[in-house]
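Listed features, source TrEMBL:
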type    : residues                                                       : note
BINDING : Gly329, Pro330, Asn331, Thr332, Gly333, Gly334, Lys335, Thr336 : ATP binding site
COILED  : 520-598                                                        : coiled coil
DOMAIN  : 714-789                                                        : domain 'Smr'
REGION  : 687-706                                                        : region 'Disordered'
Amino acid sequence: MEEKSLSVLEYTKITEQLAELAKNADAKKMARELKPSPAFREVEQSLMETDAAVTMSLKFGAPEILRFEPVDEALRRLTLGGGLSAAELLNAARVLRCARLLKRYNEEQTGVLSGYFSELTAEKSVEDAINNAIISEDEISDMASPALSNIRRKMKNISAKIKESLDSLVRSERYRKLLMDNIVTMRNNRYVVPVKAEHRGEVAGIVHDMSSSGSTVFIEPSGVVNANNELHELEIKEKSEIDRILFELSNMVGGISEQLKYNYDTIIMIDFIFAKAKLALDMKAVCPKINSSGRISIIKGRHPLIDRSKIVPTDVNLGIDFDSLVVTGPNTGGKTVVLKTIGLFCLMTQAGLHIPANEESEMAVFDNVFADIGDEQSIEQSLSTFSSHMKNIVHIVNNAGKNTLVLFDELGAGTDPTEGAALAIAVIESIRDMGARVAATTHYSELKLYALSTDGVENASCEFDVETLSPTYKLLIGVPGKSNAFAISRKLGLPDSIIDRAKDRLSDENVKFEDVLGSIEESRISAERARDEQEAMRLEIVQLKDELQRERDKIDRKKDKIYDNAREKADKIIKQAQEETERMLEDVKRLVREKRDEDALRAMEEVRKQLKLKEKKNVRPKSRRSGGVKSNVNLNTLKLGANVLIIDLNDKGTVLSINKENKTAVIQVGIMKITAKLSNLVVLDDEKGSRPESYSPPARSSTLNTNRSAKTELDLRGMSIGEAELEVDKFLDEAVLSGLSSVSLIHGKGTGALRAGIQNYLRHHPHVRRFRLGKFGEGDAGVTVVELK
């Protein structure tokens, strides 16, 4: 890639930003040396890595990457048999710790970056050994070895004795007047006292130092010389033991030198990749689609080096409907920014960096990017602006090819306008003939006309606010730009008389052309305003719809909450009723077992009545079968034996007797007799003729052998085992009370799970004498026949 292009497109400013985001020196170096690649697969892989790092950072947070120094020199010394310093060992431990943390960060994750993380090795034993032995670059832990701990313990004891002896000396009356100060200090690693120079002969000992003024002599009293010597010997032993510990730790690091080097290199790469991700997040950038066919489609692109608050996102496309773009307009109109945005986005993409644009943006991978941008007048080389540009153009013409991007800023400027325009058109045609993509800025009208009349070449202009004399950086493709020279001059205060004289010198064709451009610009602005107003109205409608939907959702949530609360209360009531029912049924079973038949019937009737009353009080909606039913009973026409519906119980029965005074009737419901108000009854059929006043159903025998309405079969298919057990229990209770000797349970064949569950339940049921599978004609294995006690 052209170094000159990297410079003029300010690519190095991007890599410098990237380097600032990396943690370690070698990762920063990688960032500064990052170059765009012309290899499609390499670009694709690099972009995928950056995108994966962005995704992981958003999902899990950025990984913890520790700062450490390069390990190459330390490892080289190890291979030569040397040892490492405490600082180098701590650095190795940081590398190992970082590798362990990164491996944990990517635990059980798969993706583009998994290869980097999975190959890291966690050498926890070496890491711990170093950290346990070394506190800092200048301090080794007492616990590094038993020998070191013992040496330091002795040193501490001797030091305490020496200080105690010297403290006693400086506090004594005899020595107080001889000392410059009543303190104990150190000189040459030995304990001394400061003695006045005139009294030096009065203190026996070794002189170790003297103050700069000569008034103080630092003497080691003879009474502590032996102790100081012993302390010095221990210090020598301490140093020897520390050297041994460091060498032992160095050997441990040497044993994993290859893993350490690989860990280091991998961490640097991860550091670099996540720096790219951080840059993308800071820029609010996205991963562009890429192609090898020269297509560029930048949607809502923002130049990354311009303040986000001062730039309008712009759309640029090239190589789709046209291969060359001619951008026209005033010199201050932002044309150069458009060129730099196109070029810089290409370089960033090919370096594996995300671009600040819409995620649907697409960039081509070029073999090279050439850019002639800026005024490069050279005094040293005696080159004018035109000559300098022409030197660049010659280089580009000689090196451009099919898969290259060429950017020209003010092509043909710096010379006679007529010749410059002709030369600019010729250069563009020559570059197009090579198959390159071209984007050029100019303020020559000839190039506007060339773009209008040439297939594959498109006009574009940068929107310019004449009122503020500043560009908006918004590119208008398909619209040639006005120079706005007269409007800008008038705005800056040039007299109208001069502007009018200038207009008179323009040819009629130029005036008409500029007027047409002005009319087009006014129409565009008007249409754009109308579109913006329409879009604003649309967004307002969408906002109102969203607010309305939120209110609806809020109401629905309130309704759901009310319903859930009601259902919870209902479930609670039902549960209480079921518990009470179970208790009452247990009483009934006990009475049946004791053969107290009449009591059992009355108890069962009471159970049924209580159960129905509980259901009536239930807060759940009423049954559809009885909901809204009104009594149609007439006291004078109700007959004995009539079939009726008890409304609140939703049960059918037969009238046994009528009490006209209390307006009630006794109803036979199955095996139960229930007293109900006439207003709670509905006659189900019209009985013709009255029955005898003494009408009553057939009497029950003392063995409860009245099974007029009892069922002999129970279909359990489709139920769970738990549901089936409840139904079987109720069914067997009714069968026993009805005097049945056997019943059939239909469970189907299926997998056999329901059959096995039911039969296991029957083995322990108090009403069951024995059971068997059905025979041919009874349902075979799909039915269990139960013989009751």
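Heads up, residue numbers simply count up from 1 along the chain you see.
Quick reminder: no glycine exception, Cβ is built from N, Cα and C everywhere.
The domain 'Smr' (714-789): residue composition by secondary structure is 30 helix, 19 strand, 27 coil, according to DSSP. In the three-state DSSP reading, Gly329 (ATP binding site) counts as coil.
Long-range Cβ proximity for Lys335 (ATP binding site), meaning a same-chain Cβ under 8 A and a gap of 6 or more residues, is found for Val327, Thr328, Gly329, Asp409, Thr441, Cys462. Reduced to three states, the DSSP call for Gly334 (ATP binding site) is coil.
Of all Cβ atoms in the shown protein chains, 27 besides its own fall within 10 Å of the Cβ of Gly329 (ATP binding site).
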